[in-house]
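Right, one structure below, let's go through it.
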Amino acid sequence: MTEMRSAKIMSGRVFAGARALYRAAGVSGDDMGKKPIIAIANSFDEFLPGHVHLNKVGRIVSEAIKEAGGIPREFNTMAVDDGIAMGHTGMLYSLPSRDIIADTVEYQCNAHCADALICIPNCDKVVPGMLMAALRLNIPTVFVSGGPMEAGTTVLADGTVKSTDLIDVMYATADDSVSDEELLNYEKTVCPTCGSCAGMFTANSMNCLTEAIGLALPGNGTILASHSYRKDLFERAAKQVVKIAHQYYDDSDDSVLPRSIATKEAFENAMTMDVAMGGSTNTVLHILAMAQSADVDFTLDDIERISHTVPCICKASPSGKWEISDVHRAGGITGILGELDRAGKLHTNVHSIDYPTLEAKLADWDIMRPTCTEEAQQMYKAAPGHIISPEPWTHTTLFDSLDRDRTNGAIHDIDHPEIHEGGLAVLRGNLAPDGCVVKTAGVPPEIWKFRGPALVVDSQEQAIEVILNDTLKPGMALVIRYEGPKGGPGMQEMLYPTSFVKGKGIGKQVAMLTDGRYSGGSSGLAIGHMAPEAANKGPVALIRNGDIIDIDIEARSVNVELTDEQLDERRRELEAGDGYVAHRNRHVSQALKAYAAFARSADKGATRDPELINKLSGLD
């Protein structure tokens, strides 16, 4: 038996005050020291459709924990909506919020001696922030997200009915052929329900990744927020966290702990799945940060290795025609994992919060196997209800059948990939010696090789200006620098630039490169995370208008056609002048300056520099 963390304050005279406060908060004296305290890390807020319903989720989870024999204690973290923060200085705060969320969960659980944890995230930075905290804390933990929203249904001016999502309205804003009335129609219809934005954007990619790494139950990444099966998932997750808490404390079974589950093999599995489904490039940042929190040696080199050997077998929006509900109908994350397993691409001996091995889980949940349970087959029939409402679990709509077509369906088998290269790739060259990332699943084949003159800007705002005023021409490479973790600071997403080039009709004729990030909703030849960043003396700071940029995705290369001697000469000129300073007008708050002071480059997950922190604090 392992002593519960809460035991230290649940007995003895010295902690009578702590117990008095717990009693005042509603904890029964009869339960103190006998039942595990289960922290519920919720992220409800009314700014985000992905989180607007999570207060109701918290109540469901709390009641289920009580019924299962735990003591639920709920608290909230912040949640930044990238779609609302996008395109203005609000986006500077998005990535830094990830680390603050991780701190919040760590602080709350350690300050109050929580025995176990259930996390209720949904949107972009909340999922990785909570994952980082869980891996730091290493107490029994289960994740259950709020779920994806349904895709929209928009009737176009010509009467065509189109499946839409948030990215469609952003494309339309820069398309001069779309009238204000048509734009308003998009605005009203592309986001019909609560939930994280439809499509394989960052939020849904991260919720799928959590399932793949073993810290969430099947369906976590793909059951729609509007479907009644999502409510069932919340109840099952709540019971599971109490179960594994008892396994750890009553049976001393440390296999249920996050660090026992999220091993290097599990990280490799999760990244393999991510590459196969063409997830958001932001997942690269977050999985690197998670690995550091878990003390797992998993680096950009591992991601590069995986991307060379795993094809893309699932292309959901924005890279393809399929929506998240289509991926769910095809078997969801266990469907993708099943195909990867049959191709010998996974470590099947890893375990999860609910199964002793991945092999055992796939036997029950992979819809292509004869052993797949009736429960699994029924769950994967959960379909959109096509009801416009912010309320969750409003319907019980089911597909008539499952999508088992592995040649032309939403999930392909390894012999019929969407593209033979992985959906994500790491590029290197004299422009990014420490690496950069591109979502290959979203790059048209005709521009996998690109060569053209650079148009250089020092901010996202300047990038938007040169796109909308038509300074950016077909054949050019738009270089957006000083937007990295330090240089931004905050490593902004560039969804507006990628959306606007499509709205202008040149999305297949230009390249974009940045030391910042791209949204999970971005597609096209959009290369991000260039390391070292400009503010860290990276070569991208040396580029000038007209320099020839050469990109070859198949060769995994990104270069500027300058010699080492020419780059060295430019570096000397720059350092003799203003140095590595962005030419723009931007106010940076004290909070963002504090983030910038400790931020490492993208190839390290844009995490805080532990060596610098230790040096300045004087603490080990």
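Any Cβ shown, glycine's included, is placed from N, Cα and C.
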From Glu461, Glu465, Glu483, Glu493, grab the residue that Swiss-Prot records in the same Mg(2+) site as Asp82, Asp124, Lys125.
-> Glu493
What number of additional C-beta atoms lies within 10 angstroms of the C-beta atom of Asp82 (Mg(2+) binding site)?
-> 28
Recorded positions clustered about Cys123 ([2Fe-2S] cluster binding site) [Cα within 10 Å; pool: Asp82, Glu493, Ser519] = Asp82
Within 8 Å of the Cβ centroid of Asp82, Asp124, Lys125, Glu493, the other same-chain residues by Cβ around the recorded Mg(2+) site are Val80, Ala85, Met91, Ser94, Leu95, Cys123, Thr202, Ala203, Asn282, Ser519, Gly520
Looking only at DSSP and grouping its letters into three states, which state does Glu493 (Mg(2+) binding site) belong to?
-> strand
Residues with Cβ closer than 8 Å to the Cβ of Glu493 (Mg(2+) binding site), same chain and 6+ apart in sequence?
-> Asp82, Met86, Met91, Ser94, Asn282, Gly516, Arg517, Tyr518, Ser519, Ser522
What is the separation, in Å, between the Cα atoms of Cys197 ([2Fe-2S] cluster binding site) and Asp124 (Mg(2+) binding site)?
-> 10
Sequence gap of 6 or more, C-beta under 8 Å: which same-chain residues meet both conditions with respect to Asp124 (Mg(2+) binding site)?
-> Val80, Asp82, Ser94, Phe201, Thr202, Ala203, Met206, Asn282, Gly520
Neighbour tally for Lys125 (Mg(2+) binding site), based on other Cβ positions within 10 Å of its Cβ | 31
Could you tell me which three-state DSSP class Ser519 (active site, proton acceptor) falls into?
-> coil
